[in-house]
Amino acid sequence: MGDFNGAEYIGINEVPSPRANNARKVSVVPLVFLIFYEVSGGPFGVEDTVQAAGPLLALLGFLIFPFIWSIPEALITAEMGTMFPENGGYVVWVSSALGPYWGFQQGWMKWLSGVIDNALYPVMFLDYLKSAIPALGGGLPRTIAVLALTVVLTFMNYRGLTIVGWAAVSLGILSILPFVVMGLISIPKLRPERWLVADVRSVDWNLYLNTLFWNLNYWDSISTLAGEVHNPKKTLPKALFYAVILVVLSYFFPLLIGTGAVPLQRDLWTDGYFSDIAKMLGGVWLRVWIQGAAAMSNMGMFVAEMSSDSFQLLGMAERGMLPEFFAKRSRYGTPLFGILFSASGVVLLSWLSFQEIVAAENFLYCFGMILEFIAFVWLRIKCPNAQRPFKIPGGTVGAILLCIPPAILICVVLAFSSIKVMVVSLIAVAIGLVMQPCLKFIEKKRWLKFSVSSDLPDITTHGSLLH
């Protein structure tokens, strides 16, 4: 599909990518941890699975769920991300298969779900600090702290993706390390029979499935950074493979420790309970370490998510879907207006509750994934001979079969949505359906400037990329 040559990725039509710049590209190790933070960030937030279903189903969920959802999504991301190595990511995939209208809808839903998701992290950051600083529990000090955190973390993105990438490596190691120590301390106290506790009649399936889904999705988000990746045709599949292993282990073993070393009290298993387990097993010092790791994890997830969201807007502008100013880069090579718009969305949404944010983003994310699956299969059918540096084996039939389990899961998650979440999410979808024609009208009237980069390969079914 082309070669990586110095600082530029040479695409299918052998012209330099407009995303190439003087900034350093992201290599395998930072990319693994960026994916880790797009998807996970550590075991913080998995506690509700034990409250909802007990130890056995919680442990099984994080072993089985990746095969139903995470691995298929990661494989599709590896194939499509190397086929279209540019910052538009899944927006370009859908546009190439279904046309620019549906590509825009994909971009709107995925960007909105990403911004909604990012609104969680400043709030969760403060939730882990409020035990040490009670003033952060509410009121004006909390509001000021949310704004200050958003500004500081946004500035990290503004200064450059590579800085964020290596920051993610450091934060990832620091987030996982206290659980390694807690695991060693817990060995004498482990009781394997505690892992087998299950009561199917008392399972809260809505909480259980939504928590699993939220903790194991967003594998496709890294595709919006493909234009910033060093030699994406090799780096992206390799990084996704290692990231799947890292994410699953970062969830499973802390749950194994917590449920095996401490007597079960299901009602206590909620956000932040790992810090209480740390105090029971190791003392106050370990609890403080876990709380600090949780705070750093939320920072890492914020910067990784904002990188993905802002580069997605840049990629859409390069394709003429958004006004040209969204393609403007800062002197550090980062998407200036994409970062500002994403940060504004985070601030506006940070007042929502944790449960409302998770449910709303899951609903919108499901709609976006349906479009991705359709685009993936449609391109396999219509363009079987297109160059795919990484190709999932099994042909068209295999591609269809790969999408069936996650598609069924999407239907289940949507079915469990509350009426309130469904109504709000459908309104957001409707806004996107109207917004695209409005932007086309603005472009026609020349009120704002739109342009398609001439250096980008043709993604239509008649273009060189798909032949």
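Cβ coordinates are placed from backbone N, Cα and C, and glycine is handled just like the others.
TrEMBL entries are annotated by machine, without manual review.
Feature annotation from TrEMBL assigns transmembrane segment to 52-71, 140-158, 164-185, 240-264, 284-304, 336-354, 360-381, 393-416, 422-442.
Counting C-beta pairs under 8 angstroms (sequence separation of 6 or more), the transmembrane segment (140-158) fails to reach the transmembrane segment (393-416), with fewer than 3 such pairs. The transmembrane segment (164-185) is in contact with the transmembrane segment (240-264), judged by 3+ CB-CB distances under 8 Å for residue pairs 6 or more apart in sequence.
When Cβ-Cβ distances below 8 Å are used as the criterion, the transmembrane segment (360-381) is approached by residues 73, 76, 79-80, 83, 90, 93-94, 96-98, 102, 105-106, 109-110, 112-114, 116-117, 210, 213-214, 217-218, 220, 352, 395-396, 399-400, 403, 406-407, 410, 413-414, 417, 421-422, 424-425, 428-429, 466 of the same chain, each at least six residues removed from its ends.
Long-range neighbours of the transmembrane segment (52-71) within the same chain, counting only residues 6 or more positions beyond its ends whose Cβ lies under 8 Å from a Cβ of the stretch, are 39, 46, 194-200, 202-205, 207-208, 211-213, 215-217, 219, 244, 247-248, 251-252, 255-256, 259-260, 264, 266, 405-406, 409.
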